[in-house]
Amino acid sequence: MDAKQTRQGVLLALAAYFIWGIAPAYFKLIYYVPADEILTHRVIWSFFFMVVLMSICRQWSYLKTLIQTPQKIFMLAVSAVLIGGNWLLFIWAVNNHHMLEASLGYFINPLVNIVLGMIFLGERFRRMQWLAVILAICGVLVQLWTFGSLPIIALGLAFSFAFYGLVRKKIAVEAQTGMLIETMWLLPVAAIYLFAIADSSTSHMGQNPMSLNLLLIAAGIVTTVPLLCFTAAATRLRLSTLGFFQYIGPTLMFLLAVTFYGEKPGADKMVTFAFIWVALAIFVMDAIYTQRRTSK
């Protein structure tokens, strides 16, 4: 990868993780809407937002080319399921006072990226990366052994998003086109659920206040902008390098949870956080050292 691509990837990754970091504040505004309904709005409005964006950017030629490769279309169905599950779990966690555990999941994610990069992409571990991964595993095991609890939400978010990044990396599809196909795969299920199954005080848009409807429509923008930045970054950076930026989002989530939303980490969570933070510190220092050494 050339220097220009790397610089673009860095900027895109920074933008993606910053927006993701403050995204919980948006979902807190619509906390009274069921998580499954918010998910359907994310899918539906993301699809239409992508159609408009593709038209403005005149990128329909990419879609025509992609349609000629059915294998990639099928793999985008797999990535759609992964990201859809990740979205649902994240929304539920934020609006059910588990923002801290959600942030833990995204702290763990960079280390999962390293493991997947080694297993599926042939990326080699350095010794310090091994140490970081082992410390992260120890943090989860200590919580399980000492406190008898397992950070299910955190692990679910970490692994679903890591596998999503891996699949998108392997497919190597242009970011906007891939996002359009993913939401197109999810659209029928989302539409059927919202208009035929969902039955709550907020499921009928014709009866909702305009302010709520605008917030629900905004789910498309909140969803697609950072995800487009992420998928574009994933095609320009090594998966392990992409993991370097992941700490930005969960740090912002952690600060939001503790400072603005009154969540207090218990002893079990703090033990795991401590291990993960030390692991990430080692990972970051190793990445900086390696980058400086190779640039000489």
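Glycine is treated like the rest: Cβ placed from N, Cα and C.
The membrane topology recorded in Swiss-Prot places His98 on the same side as Lys264.
Between the transmembrane segment (271-290) and the stretches 12-34, 129-146, 150-167, 180-197, 239-261, it is 129-146 that has the most C-beta pairs under 8 angstroms. Spatially, the transmembrane segment (239-261) is adjacent to the transmembrane segment (12-34); three or more Cβ-Cβ distances between them are under 8 Å for residues at least 6 apart in sequence. Among the stretches 38-60, 73-95, 180-197, the one making the largest number of Cβ pairs under 8 Å with the transmembrane segment (212-234) is 38-60. By the count of Cβ pairs under 8 Å, the stretch nearest in packing to the transmembrane segment (73-95) among 12-34, 38-60, 180-197 is 180-197.
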